[in-house]
Amino acid sequence: MRSVARIASPVIAFILAYLLLQGFGPTKALVGATFAATVILWITELMPLAVTALLSTSALVLVAGVKDKEAFAAYGDPIIPLFIGSFLLARAMELSGLSDRFAYQMMRMRWANSPAGLLLALAVVGCSLSLLISNTAVTAMMLPIGLSVLSTVERRSQTPYAVAVMLTLTWASSVAVGIPVGTPPNLIGRGLIEKATNVRISTLQWMGFAMPITIVVLLVSWGILWVMFGKGAPKTEAAGTEARTRLREMGPMRQSEKVVLLSFCLALFLWILPSLAEMVFDKKAPATLWLQGRVTEAVAALVAASLLFLLPAKDRPSGRALTWTEGTQIEWGTILLFGGGIALGQALFSSGLAKDLGDIAARASGAHSLWSITALCIAASIILSELASNTAAATTLVPVAIGLAQGAHVSPIAPALGAAIGASFGFMLPVSTAPNAIVYSSGLVPAKDMMRAGILLDVVGFVSIFVCLRIFLPMLGLA
């Protein structure tokens with residue numbers, strides 16, 4: 001019976017949405033019905049999320065009458081190669097062991113020798129890595145490190161301090177929204193904002209408002225976990241000894257690690273180079289315009305990633321930091337999901353339905369000012385991210401946020417950014433994010449502890465996103 005209900009739910013959503021939207025015209029009704037059915041499929045996960053994205057793109061052509069060249073052009077959006085290049089760099093970082101070396105280097109620091117300091121070290125390591133590679137990969141990599149730390153400092157596994165360590169691993173990776181490539185919702189929000197407003201948010205601009213959010217929420221989450229679960233924490237000096245032992249076993253930095261580090265540094269430099277040129281020269285200087293037009297973030301990511309296949313790495317059997325077979329193991333599902341999300345968002349914009357829905361939401365909520373709409377979008381995104389994947393939450397709500405702002409005749413940048421960043425802040429439930437599920441699978445985190453600590457961090461996340469956007473967007477000329 002339950003399976004029948006799950007299968008029927010997207011069909012029912014399609015029919016109800018179509019009937020409710022009849023007054024907007026047949027095209028808008030069909031686009032809205034496709035959108036509603038897709039959201040239900042994403043929430044119920046009746047099919048893999050990537051398959052749902054492909055199906056929804058096909059449905060836009062088959063059912064809603066969107067031209068196929070227009071619908072499938074989303075999979076050629078410049079952000080798709082940016083994803084591919086970033087994922088290739090992340091994959092090489094894992095395979096080379098560079099991420100492990102970085103983690104152990106942080107944990108051997110003197111300030112990590114106290115229980116609170118060790119928690120902070122794990123948080124800083126996890127967050128720093130998640131700025132560059134996927135939060136799921138970081139949590140999967142950090143879990144054995146965290147378990148090793150606990151086995152070194154704890155005689156019993158089921159302790160409050162163990163809960164603090166495990167939640168630190170998942171939360172630290174989830175709050176890493178400080179650079180655009182840190183998490184898919186960031187790129188979804190930025191891409192849809194550019195399509196709707198023709199405003200391109202540079203990497204430095206993004207860091208200007210998002211890095212403070214990351215730092216504030218990371219430090220507050222550390223404080224919450226220490227206050228709630230730090231009582232009776234064991235001595236942790238042995239953790240530093242364990243980290244130093246692991247580093248000795250790893251030996252000096254291998255050639256493959258050096259190649260990966262070089263590629264990462266090149267990508268980061270090229271990502272910020274156009275913004276640096278604008279600061280040094282002028283926004284309309286020939287050098288600035290040339291760099292902005294040629295050295296795009298997608299180009300930077302692909303050029304840097306190509307070095308992984310080119311430069312020698314003699315410590316690896318293949319002689320390279322990354323082989324094509326290893327490269328094919330990146331998160332293609334996320335890439336397809338993102339393409340489908342762009343197609344769906346573009347259909348909502350081009351049909352005019354996003355603006356119509358925004359008008360309705362503005363009247364129903366009473367939110368008409370820029371910052372009341374932004375607050376509403378942040379809250380809705382955080383709530384939805386507890387039930388659906390962060391990518392699905394962003395793909396669903398960012399177009400609605402833009403439409404809501406357009407309906408109220410205010411800039412859509414702040415509401416869309418609030419929805420995009422809020423989508424990464426699902427802290428309460430084991431099913432909210434893949435990192436939550438990974439640490440929950442350890443058996444060391446009771447669901448009730450995750451919920452009572454997570455709801456506090458949801459509130460902190462909401463306040464931090466709102467305040468940082470309110471302060472920094474006007475300073476950056478984005479509001």
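Backbone N, Cα and C atoms are what each Cβ position is placed from, and that goes for glycine too.
As given in TrEMBL:
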TRANSMEM  39-66  transmembrane segment
TRANSMEM  78-98  transmembrane segment
TRANSMEM  118-149  transmembrane segment
TRANSMEM  161-183  transmembrane segment
TRANSMEM  203-229  transmembrane segment
TRANSMEM  259-277  transmembrane segment
TRANSMEM  289-311  transmembrane segment
TRANSMEM  332-354  transmembrane segment
TRANSMEM  366-384  transmembrane segment
TRANSMEM  416-441  transmembrane segment
TRANSMEM  453-473  transmembrane segment
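When each of 78-98, 289-311, 332-354, 366-384, 453-473 is scored by its Cβ pairs under 8 Å to the transmembrane segment (118-149), the top-ranked stretch turns out to be 78-98. Taking pairs at least six residues apart, the transmembrane segment (289-311) and the transmembrane segment (332-354) share fewer than three Cβ pairs below 8 Å and do not count as touching.
Long-range contacts of the transmembrane segment (416-441) within the same chain, counting only residues at least 6 positions beyond its ends with a Cβ under 8 Å from a Cβ of the stretch, are 135-136, 138-140, 143, 166-167, 169-171, 173-175, 177, 183, 185-186, 188-190, 192-193, 196, 209-210, 213, 217, 374-375, 377-382, 384-387, 389-391, 393-394, 397-398, 400-402, 405, 447, 450-451, 453-455, 457-458, 461-462, 465-466, 469, 473. Note: the stretches the transmembrane segment (332-354) and the transmembrane segment (453-473) are not in contact (fewer than 3 CB pairs below 8 A, sequence gap of 6 or more).
Of the candidate ranges 39-66, 78-98, 161-183, 259-277, 161-183 has the most C-beta pairs within less than 8 angstroms of the transmembrane segment (453-473). Listed by sequence, the residues of this chain that lie at least six past the ends of the transmembrane segment (78-98) yet keep a Cβ under 8 A from its Cβ atoms are 132-134, 137, 141, 181, 184, 187, 190-191, 250, 254, 256-257, 259-261, 263-264, 267, 296-298, 300-305, 308, 313, 316, 321-322, 326-327, 329-331, 334-335, 338-339, 342.
Counting residues 6+ beyond its ends, the transmembrane segment (259-277) has Cβ neighbours under 8 Å at 85-86, 89, 92-93, 96, 98, 132, 179, 181, 202-205, 253, 285, 287-288, 291-292, 295, 297, 299-301, 303-305, 307-308, 311-313, 321 in the same chain. Tertiary neighbourhood of the transmembrane segment (161-183): same-chain residues 82, 86, 115, 119, 122-132, 134-136, 138-139, 142-143, 146, 149-150, 154, 190, 201, 203, 206-207, 210-211, 213-215, 217-218, 221-222, 225-226, 228-230, 232-234, 271, 297, 301, 390, 421, 424-427, 433, 435-436, 438-439, 442, 444-446, 449-450, 453, 457, 461, selected by CB-CB distance under 8 Å and a gap of 6+ residues from either end.
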